[in-house]
Every structure is written in structure tokens, then in C-alpha cells.
Amino acid sequence: MARGGLAPAVGGDRIRSYGGGRVTLSVVVTCLMAASCGLIFGYDIGVSGGVTQMESFLEKFFPEVLKGMKGAKRDAYCKYDNQMLTAFTSSLYIAGVLSSLVASRVTRRVGRQAVMLTGGALFLAGSAVNAAAVNIAMLIVGRMLLGFGVGFTAQAAPLYLAETSPAKWRGAFTTAYHVFLVIGTLAATVANYFTNRIPGWGWRVSLGLAGVPAIVVVLGALFVPDTPSSLVLRGDPDRARAALQRIRGADADVGDEFKDIVLAVEEARRNDEGAFERLRGKGYRHYLVMMVAIPTFFDLTGMIVITVFSPVLFRTVGFDSQKAILGSVILSLVNLFAVVVSTFVVDRAGRRFLFLAGGVAMMLCQVAVAWILADHLGGHHATTMARNYAKGVLVLMCLYTCSFGMSWGPLKWVVPSEIYPVEIRSAGQAMTVSIALSLSFAQTQVFITLLCAMKYAIFIFYAGWVLVMTVFMAALLPETKGVPLEAMRTVWAKHWYWRRFVGDAKQDSQVNCL
């Protein structure tokens, strides 16, 4: 819901000021605990790519891949082309799709706090199964448990942050989820760097350490209250007001804000049934477009597969196993730096500026990487690249990662969590997360095959999509920085294109009530 600053009186056009919009210690601690849910997603992204190029892991589960790697005439781009190996990585995402859709219903009945707690517990169970795996079936089952945990937490945590943070700084607080995601990725790549030196069972340590961020999430979820809007929606206004008072400060006047929360939730409850059906109405056309476009474009930046498979990419261009993982550590550090910078500028520069600047920079880096690979890898039956050019690829990947970390990385979580009205917020977030995870599943399953088939052109493919998404954002995404959630409809009403649909939203809601 709207947090701090300005917010509208629900049901009218008037905008009034809330008195409790400052940043308090309570809201900082609460949001940091909720944002820690990003740790488990990030750790999984970082650990899987490193483990899948560890020789001890390949020797136990995928000996045919290891044998192919040592073949002198093996195509440099095709060293890791094995569908079962990629299924180990991609199975998490298909499980995440299913759980995120279920979480949409569950979170409206038990609250966002309970969903985050459940997600952490499932991830903890998955880490234990993977660490103890003795065959591929156990690996896949463990990965699916991890996916259920990711799906639950990725659906609940960004909404929790958007509903509890002050409107003026909502972008920074919601970006915290991605900050923790990157910290999780960094922790995983560092763990891989050291466990890769352990002969025989180092991969078990890497997979088992996923339990550490899961424990952090479980403990954090135990100590955070549910959001005021979630409590009101579940018929507990007294606890909702107490929770709002707690995060706004003991001396804050929360009367007006709480009244608007109650009015907004009552309107949502009248339209409670059929949130997904409502999205088909003309008045919700702009939400549906963004619901599909943002996660789709996010995955088509190529960053998810580059992050997951960066050790494999660095092995492809000629690094040995340790240096390949070290390259991933460097990328994670660059990503963390960029996301932290983004946290400080997202509410000043705005969402649109970061989308556009990041898109242009990512596109240029991808074209440059494609040019180097085209000229210096795979020609004349070469299976590695000259050292200087390999380092050049690393530098370009760092620039690409920095551009992504300041734009699409955090904004993929920030924008969807703030643009949806309360009556479709859970459904909208569930659709956004499920679409993103579906595409991540498809990409992680086929990326190595595409790399083998398209070679350097895979980066041209992604650069073309970055161009498309940058033009799309420039033309169709309105600026939402500093706008309270209850006032978000006015942003769309002023947009040159979407304003033709906004006026029909209330009519669609009224029709659904009949």
C-alpha cells in the first residue's frame, strides 16, 4: 500500500499527506529481514553454474560430459552440451513457476510472512537433499524443493517490501531484495572457488551450504510482522493498525494512512473473486502488458543464463576451472557494487532513466563480446582463446554486469511490486514471477545447446532483444518514482497511450461485482 509522503483518499481524486512517512529503525530492520529472502534465490543462481563445471561433480553424475571435454577435437562452444546436465539447473525454475502461482492464493489467506517462512523451510529441505545426493534423481528432487522455496519467497518478499516501505524511498527498499540476491550469488561463487579445491566431494559442500541462507530466511520471517494491508485483508484490523504503528514509529500519526488502507482493501475484497479474470478487461490492459513484458524482457537480457553459466562460459573461452570460478566471483562483486549504487539513485534518477541507460550499455557490451568470440574462438579448430582476448571478454562481461545491476536487475523487482492496484496485486506478482521463472527454465535448459549451435551469435541474439526492450520502456513505461501505491492509477491516466484504458478500470471492477 502507499507508504509515507503523499497518498490519495481512496475512491476520490484528492491527495493528502501522511504524517508517518519517515524512515524509522523498525521499518529498516523489518524490510532488511524480508529482503533477506533474496539470499536463497541468489545462492542458487551462483552455486549451480560453478558446480556443473566441477570435475568431481561431473565425474560422479555426468562422466560423458567430462570425457567429451577432454576430447582434443571437441568444439569449443559445445563442451557442456548435455540435456541432463542442464536439467539439473533448470528443474528449479519449473518448480518455482508452480509454487509462485500457488503462493498467490496462499498469501491472501495466511499472509506474506507465513509464505516467506514456508519458502525458507522448503529451500532448507532442498539443500539437505542435494548435499546428500547419490544419483541424478536425488539431485532433481532437491532442485525442485529449492524451486518451491524460491517461488514462494519471490512472490511474497517484493510485495512485502513495497507495502511496508515509505513511498519516497520505496524503490531503495524494494531494491534491497535484489541486493540480497546478489549477495547470495557472491557467497555461492566464493564457496565454489574454495570447495572446487576439495577432491571428490567439494560439490557437496557447495550445495549443502545453501542451507545457511535458508536458515537466515526462516529466522528473519519468524521475527517480522505481516503487512498492515495483508492483516486487514484477512480480517484483523487491530493487529494491522498495531503493525502500521510499529513500522511508522510510536509517535507517528497513522490514522489517515490506516483509513486509506482499510478502504482500499475493502474495495479489493468486494472484487476478491476473479483477479485473473479481471486482467482480461480493457481497464487492466496496461497492467497485463507490463505483467508479461517486464519478466519476459528481463530474461531476454541474457543475464540469468550468463550468471548461472558464467563459469562454463569462462571455461569455454580458455580459463581453467579455478580461474573460471574466480571470474564468476569478480562478476558477482561488480554486480553487488552496481546494485548498491542503484539503491541510492533509483529514487532520484527514476526508473525510466536507469532502464534506458542500462539497456544501451548492455547492448554495446554484448555486441563487443560477440565480435571478439567471432574472431578469436573456434576458428581453425581452436578450442581456447588467446589470454589477452579472454581477459577482454571478462572486462566486457564486467561492464555488462554493472549495467544490468544498475537497471534491469533491481528494477525487475521494483516496478512490478509497485504498479499493480490492490485488487490484482497478488495475482499480478504471481504472474510476473511465474513468467520469469518459466522463461528462466526454458533458457537454462537450452542455453548450452544454443551456445553450441549459434556460437558467438548468441550474444547478437540477446543484444537484439535488449534494443527492443529499451525502445519499449522508452515509449510505454511511465515514471513511478515517489508515487504512493494508491495514487499509481493517476500515473497511467496521464500517459500518452495508456490513458485510453485507465478510465475503463472502474467499469471493469463494477461489472465483475455484478
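For all residues, glycine too, the Cβ spot is worked out from N, Cα and C.
As given in TrEMBL:
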- 30-481: domain 'Major facilitator superfamily (MFS) profile' (DOMAIN)
- 23-43: transmembrane segment (TRANSMEM)
- 84-103: transmembrane segment (TRANSMEM)
- 115-138: transmembrane segment (TRANSMEM)
- 144-162: transmembrane segment (TRANSMEM)
- 174-195: transmembrane segment (TRANSMEM)
- 201-224: transmembrane segment (TRANSMEM)
- 287-313: transmembrane segment (TRANSMEM)
- 325-346: transmembrane segment (TRANSMEM)
- 353-374: transmembrane segment (TRANSMEM)
- 394-415: transmembrane segment (TRANSMEM)
- 456-477: transmembrane segment (TRANSMEM)
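When pLDDT values are averaged over the domain 'Major facilitator superfamily (MFS) profile' (30-481), the model yields 84. Long-range contacts of the transmembrane segment (353-374) within the same chain, counting only residues at least 6 positions beyond its ends with a Cβ under 8 Å from a Cβ of the stretch, are 301-302, 317, 342, 345-346, 385, 389, 392-393, 396-397, 399-400, 402-404, 406-408, 411, 455-460, 462-463, 466-467, 469-470, 473-474, 477. By number of Cβ pairs under 8 Å, the transmembrane segment (115-138) is matched best by 201-224 from the list 174-195, 201-224, 287-313, 456-477. Across the candidate stretches 84-103, 174-195, 201-224, the maximum count of CB pairs under 8 A to the transmembrane segment (144-162) is reached by 84-103. Listed as Cβ neighbours of the transmembrane segment (201-224) (distance under 8 Å, sequence separation of 6 or more from its ends, same chain) are residues 30, 33-34, 36-37, 39-40, 42-44, 47, 50-51, 54, 56-57, 60, 113-114, 116-117, 119-121, 123-124, 126-128, 130-133, 142, 146, 149, 153, 160, 184, 187-188, 191-192, 195. Within its own chain, the transmembrane segment (84-103) is flanked in space by residues 44, 48-49, 52, 58, 61-62, 65, 115, 119, 122, 136, 139-140, 143-152, 154-156, 308, 430, 433-434, 437-438, 440-442, 444-449, which lie at least six positions past its ends and keep a Cβ under 8 Å from the stretch.
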